[in-house]
Every structure is written in structure tokens, then in C-alpha cells.
Amino acid sequence: MSTGFFGDIQKVKYEGPDSTNPLAFRYYQPDEIVMGKRMEDHLRFAVAYWHTFTWPGGDPFGGQTFLRPWFEDTMKAAKLKADVAFEFFSLLGSPYYCFHDADVRPEGKNFAENTKNLNEIVDYFAEKQASTGTKLLWGTANLFSNRRYMSGAATNPDPDVFAFAAATVKTCIDATQKLGGENYVLWGGREGYETLLNTDLKRELDQLGRFLNLVVEYKHKIGYTGTILIEPKPQEPTKHQYDYDVATVYGFLKKHGLENEVKLNIEQGHAILAGHSFEHELALANALGIFGSIDMNRNDYQSGWDTDQFPNNVPEMALAYYHVLAGGGFKTGGTNFDSKLRRQSLDPADLLIGHIGGMDCCARGLKAAARMIEDKALSQPLADRYAGWESAEAQKLFRGEYSLDEITNWVETKDVNPQPRSGKQELLENVVNRYV
């Protein structure tokens with residue numbers, strides 16, 4: 001039943017590249033077969049509950065611009081928000097959604113009331129999922145907005161805050177499991193510091209390791225079969241975040257023996273903040289065996305902070321999905337639109353239009369990536385570039401069968417005098433542009 005929030009807008013349909021209808025897909029066709037799989041099953045789109053239905057439109061210089069009828073901290077408002085959200089998922093045809101606990105339930109006076117409120121809304125969500133067919137990609141806990149977390153959650157100097165946060169995560173894992181969520185995400189929003197003058201760096205990292213081990217232990221205890229994901233971010237809101245980027249998180253997981261238990265949810269905007277390209281973070285996560293899922297958005301390249309805009313750059317999407325596909329595609333992860341409207345985009349239709357544009361952009365990127373893989377447009381030049389390593393002698397070198405003395409003798413007796421070869425970067429950049 002319609003809530004009336006979206007007026008007379010009908011379910012978004014595919015109309016083809018020539019369509020000028022802003023409420024239609026031009027490239028995203030859920031049932032189109034790409035590399036032997038439905039496009040919907042490749043992309044596994046999800047809507048972010050927080051930016052789409054909870055963000056009030058404020059910025060550092062001004063307050064709320066969005067006037068939503070559910071902007072009250074009551075259970076009645078939470079259920080109205082859920083009604084609108086699931087109507088939105090159905091109109092858009094999004095197979096998944098994601099949420100923080102604080103996005104979906106009113107704030108209680110204590111932990112017990114928060115848990116009661118969360119359980120009530122989870123029961124409501126279960127009914128909505130059953131009636132719409134929309135599924136939960138992942139759940140998570142908001143351990144950064146409330147003032148109790150101003151000095152961190154797992155890394156807080158107060159053990160009571162650590163305990164409150166750990167108990168909150170338990171309830172959120174329970175909620176995620178009950179709703180059939182395929183992943184559970186940990187984002188260390190305030191797991192970092194502003195100054196070393198009041199920070200015991202080693203202690204905080206050890207606390208974070210203990211916290212993550214507790215989560216993994218609980219996952220196995222209750223038989224939760226989803227994937228635990230960490231989302232890296234270099235700064236914001238703290239100056240120095242402990243989960244800076246893929247490489248940093250991998251080192252942390254390795255130190256605590258969790259590299260086979262936890263994978264990463266990689267956000268495009270966070271990669272940019274860390275000084276990396278999106279495809280760098282995806283390729284590195286694949287190389288390290290910890291790729292899990294994507295938060296899809298983009299940052300303004302001039303602003304220098306996290307702007308969470310909808311993706312609109314097809315070449316960037318093509319390279320991103322190239323690495324997703326090259327790594328075997330999503331397993332339990334997907335493409336979550338961690339994107340928000342600009343604060344002047346007030347119309348309900350703008351929510352749909354932003355997601356439609358993002359989904360079309362991703363669809364174009366996916367199809368370009370698939371063609372590049374099928375044509376070996378990048379993989380063959382890569383194989384040719386490293387072909388020398390396929391020789392018998394080079395394989396022995398790679399496997400560690402030669403000592404430094406033996407390698408030196410080989411170079412001398414064979415009079416090895418290598419000459420550089422072109423890296424062909426311009427050619428490969430032109431190849432990518434041919435596909436997009």
C-alpha cells in the first residue's frame with residue numbers, strides 16, 4: 001500500500017539509452033545476462049537507510065533542509081519511515097538495503113530500552129521483507145553519533161563505553177541474523193584520535209583487537225553464516241583513524257590472527273580520502289584475499305572531505321567492476337549506495353533520481369568491465385608484460401630455490417644485461433576508453 005510520500009510515481013522500469021524520462025533506467029536491466037549471470041545478481045544493489053531516510057540535509061554551516069514526516073524520535077515515526085523505505089525499495093527495484101541500529105529505532109533512555117526498540121522494529125522489518133521480497137545486505141551498529149562515543153567505542157579510555165558498545169554490537173548481530181542479513185559491518189567511526197597528548201596508541205589498538213575478536217567469537221557461537229566486514233576510512237571524524245585503508249586493516253587483521261575471518265567493505269569515497277584510487281583498494285583487497293563488498297559513492301575531488309555523492313563517472317566504474325569481476329565477483333557482498341542527496345534536492349523524486357543515475361552508471365561500468373574481461377583487453381597485455389616469469393629458471397627464482405650467491409653466479413655466467421621495455425600505459429588507457 002502506498003504511503004503517498006512519492007505521489008503517483010510508478011515502479012521504475014528500463015526504457016533504453018534513448019529515454020529522456022528521469023524516472024526510468026537507461027542501462028540497468030536486472031535480467032540482462034552479463035558473463036553468464038543476471039545483471040542484478042552481479043551488482044547486488046542496496047540502498048543505505050541512513051543517507052536516504054535519516055540524513056536531515058545539514059552541513060557544517062547550516063542545519064536541516066529536508067522536512068520528512070518521520071523526523072521524530074518515536075516508534076510511530078520509525079514505522080512510518082520503514083513504510084516509506086520499503087515502498088522506495090519496491091519502486092526502485094533494489095534487491096537489498098543496509099542499516100545502522102540508530103537509523104531504524106528511536107533512541108531509548110538506556111541500553112535495555114534501545115534493545116527493546118530495535119527488536120520491535122526488526123519484527124516490523126521482517127514483515128516488510130516478507131511482503132516486498134527486499135533482503136538485508138548488511139546490518140551494523142552506530143558507535144559514533146551518540147556523545148558517549150566521542151572518544152571512541154572499542155578504543156575508548158572508559159571500559160564502560162567499551163562494554164556498552166560491545167553489547168550494542170551483539171544486539172545488532174542478532175538483528176542482522178534474524179533478518180537474514182548476508183554480512184555484518186564494523187566501521188570504526190571514532191576509532192582513532194585527535195592528539196597523541198591524551199592517547200595511549202598501543203592500548204587502543206589492543207582494545208580494538210580484543211573487540212573484533214569478541215565479534216568473531218560471537219558470530220561462531222550463534223552460528224551466524226554471514227561475513228564480518230570492516231570498512232576502512234583514513235580520517236573523519238577523527239584526525240587519525242586506525243582503519244586507514246586496505247593495507248592498514250590487513251596488517252591489523254594479520255596481527256590479531258583474523259585475516260581469514262574478516263573481509264573488507266570498501267568505499268570509493270574513503271579510498272579517495274586515503275589518497276588512493278578506488279580500483280587500487282579493490283585490487284589490493286583481492287590480492288590479499290580480503291575483498292568483501294562495496295560502498296558506492298564519489299567524493300568531490302576539490303573539497304577534500306567525504307561528500308558521499310552518487311557515482312556518475314563510467315570509466316571509474318568500469319575499472320572498479322573490472323577488479324570485482326576479475327576477483328570472482330561478489331560472494332555475500334554487493335553494491336551499497338552510501339550516497340546522499342545534495343541538501344538543495346528537496347523533492348521526494350530526487351531520492352529515486354539519484355539512485356537511478358547511480359545504478360545506470362554502475363550498469364554501464366559493469367558491462368564495459370565484462371567486455372574487457374571477455375576480450376582479454378587488459379589481461380593479455382598484463383600476461384605478456386610478465387611472461388618472462390613463466391620460464392623454468394624464473395619460476396625457480398620465484399619459488400626461492402636459488403640463494404643470493406646462486407643468483408649472482410647466474411647473472412655473471414649468463415651475462416644478464418636486461419633492457420627496459422615499454423609499459424604501454426597510454427595504449428592501455430586508450431583501450432579502456434574504447435570500452436566505455
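Cβ from N, Cα, C; glycine included.
Keep in mind that what you see is a predicted model, and the values were worked out from it rather than measured.
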Recorded Mg(2+) 1 site member, picked from Asp200, Asp206, Asp295, Asp306, that accompanies Glu231, Glu267, Asp338 in Swiss-Prot: Asp295
In the chain carrying Asp308 (Mg(2+) 2 binding site), residues 6 or more apart in sequence that have Cβ under 8 angstroms from it: His51, Gly269, Asn297, Asn299, Asp338, Ser339, Lys340
His270 (Mg(2+) 2 binding site) to Asp103 (active site) - Cα separation in whole Å: 21
Cα-Cα distance linking Glu267 (Mg(2+) 1 binding site) and Asp306 (Mg(2+) 2 binding site), given in Å to the nearest integer: 11
Among Glu231, Glu267 [binding-site residues], residue with fewest other Cβ within 10 Å: Glu231
Distance [Cα-Cα, Å, rounded] between His100 (active site) and Glu267 (Mg(2+) 1 binding site): 16
Additional residues around Mg(2+) 2, ordered along the sequence, whose Cβ is within 8 Å of the centroid of Glu267, His270, Asp306, Asp308: Lys233, Gln268, Gly269, Ile272, Leu273, Asp295, Asn297, Asn299, Asp338
Nonlocal neighbours by CB distance (under 8 Å) for Asp295 (Mg(2+) 1 binding site), same chain, sequence gap 6 or more: Ala48, Glu231, Asn265, Ile266, Glu267, Gln268, Gly269, His270, Asn336, Asp338
